[in-house]
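**Q** For reference, TrEMBL lists these features for the protein:
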- A:Arg160, A:Asn161, A:Gln162, A:Asn193, A:Glu288, A:Asp363: substrate binding site (BINDING)
- A:Pro194, A:Gln246, A:Ser296, A:Met402: adenosylcob(III)alamin binding site (BINDING)
Amino acid sequence: MAYATTIEGTRFTFPDLKSLMAKATPARSGDQLAGLCAEGPVERLAAQIALADLPLKTFLEQELIPSEADEVSDLIARRHDAQAFAPVSSMTVGAFREWLLSPDADAPALTALSPGLTPEMVAAVSKICRLQDLVAVAAKRPVVTRFRSTIGLPGRLSTRNQPNHPTDSSEGILVSALDGLLMGSGDAVIGVNPATDSLPDYIRIVELLETLRLRLNVPTQHCCLGHVTVAIDAMARGAPVDLVFQSVAGSQKANAGFGVDLAVLREASDAARALGRCPQGGQVMYFETGQGSALSADAHWGVDQQTMEARAYAVAREFDPLLVNTVVGFIGPEYLYNGKQIIRAGLEDHFCGKLLGLPMGVDVCYTNHADADGEDMDALLTLLCAAGVNFVITVPGADDVMLNYQSLSHHDAVFARETLGRPPAPEFEAWLREVGVTDARGLLRGGAGELPGPFADASRLLPGRAA
Amino acid sequence: MSTPPSLRDLRALTQARIALGAHGAGLPTAASLAFGLDHARAREAVWTPLDAAAIRAALTEQGLDAVEVRSQAADRAEYLRRPDKGRALHPDCESVLDKAGTGFDLAIVIGDGLSATAVALNAVPTAAALAARAKRAGWSLAPVVVASQARVALGDPVGARLGARAVVMLIGERPGLSASDSLGCYITFAPEPGLPDSRRNCISNIRQDGLSIESATAQMEALLRAMIAQKLSGVGLRRDEAALPGA
């Protein structure tokens, strides 16, 4: 079915729902690369006007990717809750935007609505939202998850402490993790991206992080971000696995490119839960996503990259995760060209994830070949804090020496706490005071690398420094 | 009682920017400016145009013939947005390669990639050292091709047009914050347009404080010998035969 709109006598037509969605998408290089984007700002507005008039329920009647050929589409269709959808079922996309912004859409209403929304619906409405809309709506939708810390409570910001090392050196990982803890980072997770993906290294890394956690009694959880199949093998060997990680995307073919499907994710989730490390009612899965991953795997089905990203959230939602984050600026300028595109994408991803009910975080980041810099990241962090993001990722001095890109620094977490008034998870906030990292007001003490008593003990984990 | 150690004492354990110190949430001024400088260097490496004429002159000085080509990416901005165009040879350049002759054992391509800095510092001495090894091995060498707005896979249509048995692409790697001058090397046996990455072998981090030119070109020679013996390159190449000669 074709869609059309007329602007001052010029008729713009869009042959199908996919092309309407793609052409209504705010400009970004990935859709240009795929040959899907609007030819210019006027055609884009024409598509947005036509999209605003589209009944929301159209997305239940027409699939962008057929269920018969794609298990993600099948999952979206199977899990749709018609009763939860009822309050907005007669709205157009444009009226849905207005309702989301209205006081009627409060936290209980948005929470009840989540199972009734599909990724395509939230992607569609995000395309006609400006940045302020994306912030305002997401800020009304808290999503709280728990393991040893409670993440996503309103008014708080958690952090992933990411102590990567180019060769996975135990000492290198440990001192980097300590650096982050001394700056107050790590209440969402202490999570290492391994340089190697071997089982012995995976086990060594989680054992190292477990020892650190126990020695310092940190109320947090840890994760080695190896492949899910390696995590399954490690759990079978009794490794102390808190969280199981996997990158996921919005189509079966793109997930196959990551070497996963829904069945293996279910197996991993069940195995992690069976370890009994997570308290009752808590969560054990950690997912990362990012706009462009489906296109780069040639698995996007002619669908725009932002809608494909929202579809990845349907995969994540199936497994009740503790943490989900988009790695927004990592994939490169052929997908998100500059700071403006990265900032918008970060806010879109957070908005879509939250509306679908995910505990959404963002890796606020960029590569050196993108037209972006640390100031763009300052802006995105500040906007995300206003939007109520669950967590961000921080590394020493904003420089990830393993993945060769720039994320936020541990200092940025201090900025969020002290200037934006976003303390960490309550358990971790109390711990920071107890061990002397922060003072009674929650402000960073000293900072210059002096190790408070409990940390001096942790440094004895280093070889040759045993007491 | 001993003094508690400072994290500063443990800096040697990682290249990560640990124990920077803090003033409120702020970095110390020197650390803040050092980060800015590292990023400026990285951006400069990405955005500086390749000085193809200078590279050509330096190759001539080393006794190597050279020709210039470009990809279908019109400028840096398009190059960054459209990797597909950076992999395709501009049609105007086909005649340049046709005039250079055909039927060589080896073609060397120098491409700007994502770091003109890496190319300016390391590409000519690497090409010269590899050419000297080719000469000793008795391999015929095509004129060195200097390619602007080039992605790795541009080496394949260039090598195919020259009728080369193998093509070596020397190309600027994506700059990191700590090193903007890394040269990468990608080798394809029996190059033709459209080959997947899995058909290439790679040597990376060629720079002053990384892999030395001597060691890198020794690895290239060993890879080329293995490819010629096995008549293939990429993931299928058995690396035991690619061991360093005499090692």
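Counting starts with 1 at the first residue shown.
Glycine too: its Cβ is placed from the backbone N, Cα and C atoms.
Keep in mind that TrEMBL annotations are predicted by a computer and have not been checked by a curator.
Tell me what's around each of these sites.
**A** Just so you know, the Cβ of A:Asn193 (substrate binding site) picks up 19 other Cβ atoms within 10 Å once every protein chain is counted.
Look at A:Gln246 (adenosylcob(III)alamin binding site): DSSP puts it in a strand. Long-range C-beta contacts of A:Gln246 (adenosylcob(III)alamin binding site), restricted to its own chain and to partners at least six residues apart, with a cutoff below 8 Å, comprise A:His227, A:Val228, A:Phe258, A:Val260, A:Leu265, A:Ala268, A:Met285, A:Tyr286, A:Phe287, A:Glu288.
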**Q** How far is it from A:Pro194 (adenosylcob(III)alamin binding site) to A:Asp363 (substrate binding site), counting Cα to Cα, in Å?
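**A** Checking the Cα atoms of A:Pro194 (adenosylcob(III)alamin binding site) and A:Asp363 (substrate binding site) gives a distance of 17 Å.
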**Q** Around the Cβ of A:Met402 (adenosylcob(III)alamin binding site), how many other Cβ atoms lie within 10 Å? Please give the count over every shown protein chain.
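**A** There are 23 such Cβ atoms around A:Met402 (adenosylcob(III)alamin binding site).
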**Q** Work through the binding-site residues one by one (A:Asn161, A:Ser296) and point out the residue whose CB has the fewest other CB atoms within 10 angstroms.
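**A** With the binding-site residues A:Asn161, A:Ser296, fewest surrounding Cβ atoms within 10 Å: A:Ser296.
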**Q** Count the other Cβ atoms sitting within 10 Å of the Cβ of A:Pro194 (adenosylcob(III)alamin binding site), across every protein chain shown.
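**A** Result for A:Pro194 (adenosylcob(III)alamin binding site): 20 other Cβ atoms within 10 Å.
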**Q** With a radius of 8 angstroms around the mean position of the C-beta atoms of A:Arg160, A:Asn161, A:Gln162, A:Asn193, A:Glu288, A:Asp363, what other residues of the same chain does the substrate site pick up?
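**A** Residues close to the substrate site, other than A:Arg160, A:Asn161, A:Gln162, A:Asn193, A:Glu288, A:Asp363: A:Val189, A:Gly191, A:Leu225, A:Asn325, A:Ile393, A:Val395, A:Ser407.
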